[in-house]
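Annotated features in TrEMBL:
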type	residues	note
DOMAIN	28-115	domain 'Pyrroline-5-carboxylate reductase catalytic N-terminal'
DOMAIN	257-400	domain 'Ferric oxidoreductase'
REGION	1-26	region 'Disordered'
TRANSMEM	210-228	transmembrane segment
TRANSMEM	260-280	transmembrane segment
TRANSMEM	301-322	transmembrane segment
TRANSMEM	355-375	transmembrane segment
TRANSMEM	427-449	transmembrane segment
Amino acid sequence: MSSGDMAKPLLGHQNTESDPNTPAAGRTIGVLGSGDFARSLAIRLVCSGFKVVVGSRNPKRKASLFPSAAEVTFQAEAVKKTDVIFVAVFREHYSTLCDLADVLAGKILVDVSNNTEINHHKESNAEYLASLFPACTVVKGFNVVSAWTLQSGARDGNKQVLICSNNQEAKRTVAEIAQVMGFTPVDMGCMSSACEIENIPLRLLPTWKIPIFLSLGLFLCFFTYNLIRQVIHPYIREQKNKLYKIPVEVVNTTLPCVSYVMLSLVYLPGVLAACLQLYYGTKYRRFPDWLDQWLQHRKQIGLLSFFCAALHAVYSLCLPMRRSHRYQLIEMAAKQAMEKKTNVWVEAEVWRMEIYISVGIIALGLLSLLAITSLPSIANSLNWREFSFIQSTLGFTALVVSTLHTLTYGWSRAFDENQYKFYLPPTYTLTLLVPCTVILAKVVFNLPCIRQRLVRIRRGWEKGRYVKFVLPSATGEYSSGETSSNV
Ligand code: NAP
C-alpha cells in the first residue's frame with residue numbers, strides 16, 4: 001500500500017462507535033514495530049481518537065508508511081512517551097527488545113502475536129513476553145483480528161477482541177481501548193488462557209469438521225447405493241453402458257437424499273433430548289456428550305443441508321441441457337411416431353410432477369430463509385421468539401414440505417417390483433426413514449398429555465421432587481404445605 005493510501009485509511013476519520021467519554025479515549029498509545037499489523041493498528045488508533053507513537057528500529061525509513069497524525073520514532077523514545085504499548089513484533093524477536101527493559105518497567109505490554117502452528121511452544125507467546133519483562137504487566141489481546149480487519153472497520157470484520165491477563169486493572173485498560181476502537185472486548189480470564197487465544201486464529205473450521213464428515217459420509221453411502229441401482233444394475237442385467245449418468249444424474253439423485261436426511265438430523269437431537277427429559281422427568285440432568293455435541297452442531301448441519309439442496313436445484317435445472325436427455329427425447333418421439341401414438345398425456349403424472357416441483361421450490365425457499373437467519377448479523381437483529389419461530393417452526397415446516405417433495409417424487413414406485421434393483425428398494429424410501437421418525441415424534445410430543453409434561457419439565461418441574469406450595473384458601477387467605485410435584 002502506498003504512503004498516499006496510508007494517509008487515507010478505509011475508516012472514516014472518527015469511529016462512530018467509540019465513546020469519547022471513555023477514560024481511554026485521547027490517551028497516548030505506543031506501538032512497537034512498523035509492519036503490517038503495526039500500521040493498521042496505528043491507523044485504527046488514530047481514527048479512534050488516540051495519540052499514537054510508533055517505535056521502530058528505523059523510524060526515518062518507516063515514517064512515511066504511517067498516517068501523519070502518528071509519531072514514528074526510535075523504540076526507546078516511543079516507550080518513554082506512553083504507559084500502554086502494543087508489541088507488534090514476532091515472538092522470535094522479543095529478545096531483541098530486552099535492551100528496553102528499564103524503560104518498559106511498570107508499563108502495560110499488549111501481546112498481539114500469533115503462532116504458525118497450534119500449541120507451537122510450551123508456553124504461550126504472552127507468557128514468554130512476561131518472562132522476559134517481569135517488571136511489566138502483559139495483556140494478551142488483538143491477535144484474533146487481522147491487519148485487514150483493523151483497517152476496514154469493525155462492521156466488516158470480526159468484532160470480538162479476546163483479552164486475558166493476570167492483572168485486572170491492565171486488562172480493563174486494554175478492554176477500554178478495544179471498545180473505543182469499535183471492538184467488543186471479551187474477558188478470557190487470566191494469562192493461562194493466552195495459549196487458547198493464540199490457537200484460535202489457527203483453527204480451521206473447528207465447528208464444521210463433524211458436520212462436513214457427516215455429510216461426506218452420507219454422500220458416499222447414497223452415491224454408492226445410487227450407482228449400484230442406476231449404473232451397475234443395468235450393466236450386469238442388460239449389458240447397458242450407463243456410465244454417462246455418473247456426473248449429473250447419480251450426483252443429482254444423491255444430493256437431495258443427503259440434504260433431506262441432514263435436515264432431519266437437525267431436528268432429531270431435539271427429539272432425543274425431549275425423550276430423555278421425559279424419561280428422567282427433569283431438565284437438570286446433563287445430556288450424554290455425544291448428544292450435547294450434536295445439539296451444538298445443528299446450525300452447521302442445517303447449512304450443509306441447504307448447500308446440498310441448492311446444488312440439487314441447480315443440477316435439476318441443468319438436466320434438460322444434457323445431450324443424453326435430448327437424444328432420449330428424440331428417441332422417445334420417434335418411437336411414439338412409429339407406434340402412431342398421438343396422445344401421450346397422463347393426467348396423474350402431470351399432477352405429480354407439478355406438485356413435486358412446486359413443493360420442492362417451497363422447501364428450498366424455506367431452507368434459504370433458515371440459512372439467512374442463521375447469519376450472526378441477521379440472528380442478532382431478531383428477538384428470541386422470532387428466532388425460535390423461524391429456526392424451529394419454519395424449520396420443521398421445511399422438513400414436512402421436503403417429505404411431501406420426496407413422497408411426490410417417489411409416488412407409487414415403492415410398490416412397483418421393477419423398481420427393486422438387486423432387491424434394493426428405491427433410494428427415496430430409505431431417505432424417508434429418519435425424517436418420518438422425527439415428524440412422528442414431533443406429532444406425539446404435541447399430544448396434550450405429553451406436551452404439558454414436557455412444558456412443565458422445561459419450566460423446572462422435576463419428577464419425585466417435593467416442593468413447597470402456597471394455595472389460596474376459600475377465605476382468600478394463603479395456606480402452605482408440602483407435596484410431591486409429580487402428583
Ligand atoms: P511484520 O510486517 O513482519 O512486522 C514485524 C515488525 O517487527 C517489523 O516491521 C519490525 O519493525 C519489527 N521488529 C522489531 N524487532 C525486529 C527484529 N529483531 N527483526 C525483525 N523485525 C523486528 O509482521 P506483522 O504482520 O506486522 O506482525 C507483527 C505481529 O502481529 C506478529 O506477532 C503477528 O503474529 C501479529 N499479528 C499480525 C496480524 C496480521 O494480520 N498481520 C494479525 C494478528 C497478529 P521495525 O523494523 O520498524 O523495528
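Backbone N, Cα and C atoms are what each Cβ position is placed from, and that goes for glycine too.
Note: TrEMBL annotation is automatic and uncurated.
When the stretches 210-228, 301-322, 427-449 are ranked by Cβ pairs under 8 Å to the transmembrane segment (260-280), first place goes to 427-449. Long-range contacts of the transmembrane segment (427-449) within the same chain, counting only residues at least 6 positions beyond its ends with a Cβ under 8 Å from a Cβ of the stretch, are 222, 225-226, 229, 253, 256-257, 260-261, 263-265, 267-268, 271, 274-275, 396, 399-400, 402-403, 406-407, 409-410, 413-414.
Panel annotation: around the transmembrane segment (355-375), residues 259, 263, 299, 302-303, 305-306, 309-310, 313, 382, 387, 390-391, 394-395, 397-398, 401-402, 404-405, 408-409 of the same chain, lying at least six beyond its termini, place a Cβ under 8 Å from a Cβ of the stretch. For the transmembrane segment (301-322), same-chain residues at least 6 beyond its ends with a Cβ under 8 Å from one of its own Cβ atoms are 211-212, 214-215, 219, 248-249, 251-252, 255-256, 258-260, 262-263, 265-266, 360, 363-364, 367-368, 370-371, 374, 395. As a summary of secondary structure, the domain 'Ferric oxidoreductase' (257-400) carries 120 helix, 0 strand, 24 coil according to DSSP.
For the domain 'Pyrroline-5-carboxylate reductase catalytic N-terminal' (28-115), the number of residues in each DSSP class (helix H, G, I; strand E, B; coil) is 39 helix, 23 strand, 26 coil.
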